[in-house]
Amino acid sequence: MVLGSSQSSAKELTTQSSIFRFLVLLLCFTSATGGQINGKLLNGNGVFVSRDELQNKNVLGVITGFDLLVVATHSRFQVFENNEERRTVGHVSLDMHPRTKFLELKLFSKSEIFYCDESSCGLCTYSGVTSSCSTFMLNGDEPKIQEILSSSAVKIENLGQIMLAISFKNEEDPDNPRTMILRYNAQDTGTVIPTAYHADSSFIHNNHALTGFEREGFVYFVMTASQIFEPEVFLHDQSNNKVTVTKVIRFCATDQTADLASKISILVGCDQEFRNISSRGETAVYDHANDLINIVMFNHTSMNHLMCRFKMANIEKRFKTIWSTCQETSFSGSTAKTTRCKYPQIFDQMKVKKGCLTYSRLDDESSPTLCVRYGRGDALDNCQLHTAKSNSYRYGWLEDYNVLQGELMMRIPYPFFGIAESLITDGKSYFAAVSGEFDMSDVLRFSASESADIRPHWRTNISVVGKFSITKTKENQLLYTTVEGLQSLDISCKGLYPNCQTLRQGGWEDPLECSWCADDNAQRTITSSEVSSCKNNLKHECPPSMRWIHKYNNNSGFTAVVDGFRALKNPKLNACGTNCVVTVVDSSSIQCDTNPDEVIGDSCKQVFLSGMIGDKNYSFPFDYQQADRGTQTDVKNSQVDDKKGSSPGWKIAIAIISVMTIILIVAIIVYYMRNRFPRIKTHVRPPIGQRIENEYDMGHMAGRQAQLAINGDNYVKVFRSMRPDLKVDFKNLRVDKLDPIGQGHYGVVYKAMYSPSKSLEEKVVCKYLKEGKISEFYEEARTMSEFDHPNILKLIGVALDDSSHLPIIITEYMAKGDLKSFIENVENTIKMRDLFEFAFDIAKGMNYMHSKKFIHRDLACRNCLLDEHLRVKIADFGLCRKVDIETELYVQMHERDLPVRWFPPEISEQGFGITSDIWSFGVVIWELFTRGSTPYSNMASWILILPWLKESETNRLRKPPYCPEKLYTDVMLACWKANPAERPQFSDLVTIIPNVVKYMEGYDRSQLQAGYERVSSRFLSLSRHDPAFPIYQNEMPNTPLLANCQNDTNDSKTLAELPSDSPSTSTAIPQSTPYQLLSECSETSV
């Protein structure tokens, strides 16, 4: 009984213990979901996640400060310790109104979080799980805020007040966003009413608040806006010119006026080369440690992003100078000041006169008022305006148009990224969250070269891009948003560059000074401090990697395919002590032979590849697997087999008999097929040298109806399988089949009218399938559906002819036809500027296409079309293919005729790639500036062209007569570099081409507006040094591409600044104001 009782008690105890453990686990789970558990914020994949909302796409931002880390989701702020433990210290529950982003998110203290979303702003405090939030009233009756677009908040610590800058859509005028600056008492409950506010003038639009901070008794905001250029209004009493400016705004922290009259704004920039006022600020960060402001802005004149750095000491000095200068002029002297500044009415003279570029927002009128002393009485300090004896003549709210020049840190060519949303400094490097043109969001790490050019180092995708997508922790980790939550990354050589390939993509130049250790069994990324412990340290080169290695079946040598082989000089192979002499070397493989008396046995399992990298010899071991052996015959060493007594005669006889048997079988099959299917016609296209045709040329039509009898049902089946959004009802089309207008790779083209609804009708083009190439025909349509760009032909849809069941591709109608025919036509008056516009349009379209990882493979003037406004659109995608994302190459699977006169010589060995289109683009520009001549017209075929191009890099198409030397050398010859890696990308070309135009405008603008004659074929065969060769008379080849900033003049224009009589209406390059920045190129103090 005792024993039984004991056992019973043990069971009860075990049951109770299990229940207790279950309750403990349940309590832990409940605490975890409530955000109270002191657990880590790190999952098994090294991803920081939001515990309070399991769907991690709800993570909208992350910030750090006061030794805390705050993760913001749609409905909660989760607060953690900013250390390795990441323990939860509290959370704030927000109201449940829908929000998609935070426009401001800032820690004011260890217990205060300020936020703004699209509709409201508030201040929250927390203590563990207890929290409260206030709502900041943004307006009374006026203005009526429809949506907040940007915001920045600053807490004035010693006063317990908050200043808030917001830009917003006004319900009454939503197309012109406005700005307000408001001041509040810091309050974390209820509704907080502003104690003062300032609304910007109505002529200032598209405002955006970038950042804000407090410094030495003043509050600063960095903002950007579009506004009327007030100096011109002042001179001429009217102006329609608007400028886009970036400005720093200062308020006195102790300003007690109801409308914040201490406000002063100064314009800032650092565009020494292009000194026009036309810069849109995108993101800014104040570096407290170094007392600097870093601003990323987009310059509309240079078409580049710029990173500018400003010393706060210089900014503050400018503010003091502006205020003191305005206080020097009394009210009685204002008329004389106006006369002195306004006459003569010449801007260049006015800008050098003291105080003539600072205006007061005395009221909300668009007429600018020169600043004079505030309040009409004695001169006041900027922070004492509330003591003014009179409420009249309150000349505050100053704005100075003398642009303060900062230090140019970096030029970032467009479109390296679209818009910079946020910026983090990391020593000599930077992290930025950026958005692209095609809904692509990335985090970048980059630094500046000595010449202020960007050096990209590292890049990764993020799920949501915004002001708070990235942050840096105390442990020198980068946190960024992903679809999983928050990804953590060590900011170190090993964290950023885990393998040599990532180093090669930009890590070599990282200021972290990373390199690759290629030691046996210890290959890794190392820092400069670890170099001494590495025997095989590599910098700027990666060790080769063996993809496979095959041994000859007579054991006399190897063939090896090696990645990264070009880095190795004087390569050698050694197999188990046996030297294998390298006999054949190409771009990615080597072959080697052993001595006749040496044989590599089957027991050998390792091969060493050695050679020079830089000035040091390296040796890399590779395992030789049994499965790789005996797969190749060494023809060179057949004599070795003779010495060993083998007789190859019978092998040769068998080979001959086998080949003859195969030929006989193929002949029988061909004979059978030709008699079995007599109606199937094989269409052979003419050689490429004879087929210089455009997409709208009429082609061969015979045999079509017979082909339909075989494939009609297949067409219907394939059409039904197409995506619904691509299908067009044939009943909505009226096709003019009596007048075909041309032929593409897979179809015949007709004009048509498309009526998707009763009230809408538009001209379109219908391309009908020819000769049964159904898969390639629909592939062209699928490819076109991937594109949406103003310089690429738009796909309307795909239809099926009701009567013939022929598939149809429907595209937009291009009124001016193909580019080749247009430039060939001598009746068309074409100016040199038009040719530049055509080239620029094509470059933009190709830049977009390459960003989508497609290559065109048939880029030529005949495949570019012109709309009624002479905008070029790239067409004919019959050869367009998706490239491999890693190699950026496309492997040709089927032989067919190709436009080889537009192709680079390397395609015969390496296949098609991104750089193939770059070469073709150079030929397209040559076509443009010869007005449609045929490339290599004196050579009959590719057999002659290919060896001529390979023989020397000087063997290239000659510079067309009348073509500017700078265009030929900087663009055409650059596109025709023998090494594909040295060719510019289209992302470079969209900047280079406008710069060539600016260069030309510097010495002969009239030439751009002159008619450009068609080049006679006789001149194309002449040497450039031949006396009969026509020349561009005003060529100045020794003039630098961009003038020095000290010699810059008001004559600098952009490509888009076309005279009214120009036939082109392209607005691809934005207009810029003719007004220059008013200070010198270096950073100025006043």
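Cβ coordinates are placed from backbone N, Cα and C, and glycine is handled just like the others.
As written in Swiss-Prot, here are the features:
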TRANSMEM  652-672  transmembrane segment
BINDING   I741, G742, Q743, G744, H745, Y746, G747, V748, V749, K767  ATP binding site
SITE      K767  site 'Required for shc-1 interaction'
ACT_SITE  D858  active site, proton acceptor
MOD_RES   Y890  phosphotyrosine
REGION    1056-1086  region 'Disordered'
COMPBIAS  1061-1086  compositional bias 'Polar residues'
Give the distance between the Cα atoms of V749 (ATP binding site) and K767 (site 'Required for shc-1 interaction'), rounded to the nearest whole Å.
4
I'm trying to understand the geometry here, so how far is the Cα atom of Q743 (ATP binding site) from the Cα atom of D858 (active site, proton acceptor), in Å to the nearest whole number?
15
Could you give the Cα-Cα distance between K767 (site 'Required for shc-1 interaction') and I741 (ATP binding site), in whole Å?
10
Does DSSP give I741 (ATP binding site) helix, strand or coil?
strand
Alpha-carbon distance [I741 (ATP binding site); D858 (active site, proton acceptor)] in Å:
20
Just to be sure I understand the packing, how many Cβ atoms besides its own are within 10 Å of the Cβ of V749 (ATP binding site)?
21
Please compare the recorded positions I741, Q743, K767, D858 by how many other CB atoms fall within 10 Å of each one's CB, and tell me which has the fewest.
I741
For D858 (active site, proton acceptor): DSSP state (helix, strand, coil):
coil
